[in-house]
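J.: There's a structure below that I have some questions on.
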Amino acid sequence: MTQSGQAESETPSTLIHCVRDRQQAKRELERLANRSTGNSQKQAMATVEDILDTVRSQGDQALITLTERFDGFRPEPLTVAPEELEDAWRKTPQKLQSALELAYRRIQDFHQHQRPNDLMVQGIHGEQLGRRWRPVQKAGIYIPGGRAAYPSTVLMNAVPAQVAGVEQLVMTSPAGRDGQINRTVLAAAHLAGIREVLRLGGAQAIAALAFGTETVPKVDVISGPGNLYVTLAKKAVYGQVGIDSLAGPSEVLVIADQSARVEQVAADLLAQSEHDPLAAAVLLTTEASLAEQLPSHLEAQLKGHPREQICRASLSNWGLVVICESLERCAQLSDHFAPEHLELLVEHPHAIADCIKNAGAIFIGPWTPEAVGDYLAGPNHTLPTCGTARFSGALSVETFLRHTSLIEFNRSALEATANAVRELASSEGLHSHAESVRIRFE
């Protein structure tokens, strides 16, 4: 093991390390899944709790003071004027406008199919039993800033809320030191019909949405990814408001066999690693020759790369190649990791896809790079990370909906079930439960 705790590489490259041993592979995948935890999270949580308390007690003034401290400008006003949104769209190049419009249409088209239907059934004694869906009234969406601008995330969060029927949608995103939010992000907000935009980032933005201030409305649900402080803030306010998920750093896992082209594999791993130094890029392959060729292709594609240092940090710390004896073993290891994004660069991808139990999104075949899912395929790109695909899924229309049970008994239905209700109530020692049934027949 190296001082950093990584397994020694079986390839000559120090850029990404390779293992063959089954148990070592599982240990490495577990290390990658836990890459966002540790002492830094405990320290950050103390800061987050202080920020939440300050915003709750001081409102707008806290937002201004905290933004000046952390982001280097005074957000006065806190809100972006509608004219700024319109201006951002007008100044967006035509080709980019067209690309955003295409993405918006495709995301809308897919999410329209996610609307659940109300349910009403009749029981055996004539009772009516149902489930009714209704949207939350207010939702807040957080759009990260920092290393890159994410107009696609605006669309991916706004569309399901709109399809759900949310009445009021509030967007918040960190601004630069000049006080301006990225123009393309504002253009995407304009396209999506968002009218309330805040120049706020970090835990203070989440606090504002969760508690409300003089300017910021208190919302019912908060969605959207962010850095560690944003994620911890969402975790802390959950229960006061609903949240979509606790997003960690992004990841991709590629399963490849002899049919895969090594240059495509390299490009897809780099497409993930360029996000963040904490992004994880994993290759599971049955082909030792593919694993051996990969480092040189990564190096070649990194030459002149505008985000080379981020890619190198990601791959050297959180990159992994595992040589497996079979595709079945690849699928088992993938399920153990439960990746956010799973690419299947294999000869018979549907056979593998059918075996997969845990993945945020599966990209099937050589013509489906993760990038199409990130931008405009249609399914949501806000996905579970760091192993949470074992028990959760993508952001969806249902994130912004609540379902209410509907129950209507008539006299005969209550008569037919009254003895059982009273018996169950008595077994739990709840006298008035039983009495509430009996008294109806006096």
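From the backbone N, Cα and C atoms, a Cβ is placed for every residue, glycine too.
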J.: With Ser250, Gln272, His275, His341, Glu428, His433 listed by Swiss-Prot as binding substrate, identify the candidate in Asp178, Asp220, Asp354, Asp374 belonging to that site.
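T.: Same substrate site in Swiss-Prot: Asp374.
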J.: In whole Å, note down how far the CA of Glu340 (active site, proton acceptor) lies from the CA of Tyr142 (NAD(+) binding site).
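T.: Between the Cα atoms of Tyr142 (NAD(+) binding site) and Glu340 (active site, proton acceptor), the distance comes to 19 Å.
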J.: With DSSP assignments reduced to helix, strand and coil, which class does Gln204 (NAD(+) binding site) get?
T.: helix
J.: Would you mind reading off the Cα separation of Gln272 (substrate binding site) from His341 (active site, proton acceptor), to the nearest angstrom?
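T.: So the alpha carbons of Gln272 (substrate binding site) and His341 (active site, proton acceptor) sit roughly 9 Å from each other.
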J.: Specify the nearest of the recorded positions Asn227, Glu340, His341 to Glu428 (substrate binding site), where nearness means the distance between Cα atoms.
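T.: Smallest Cα separation from Glu428 (substrate binding site) among Asn227, Glu340, His341: Glu340.
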J.: Counting only residues 6+ apart in the same chain, whose Cβ is under 8 Å from the Cβ of Gln204 (NAD(+) binding site)?
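T.: Those within reach of Gln204 (NAD(+) binding site), by Cβ under 8 Å and sequence separation of 6 or more, are Ile51, Val55, Ala62, Leu63, Leu66, Thr67, Phe70.
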J.: What recorded positions in the list Asn227, Glu340, His341 lie within 10 angstroms of Ser250 (substrate binding site), counting C-alpha atoms?
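T.: Checking Cα-Cα distances against Ser250 (substrate binding site), the recorded positions within 10 Å turn out to be Glu340, His341.
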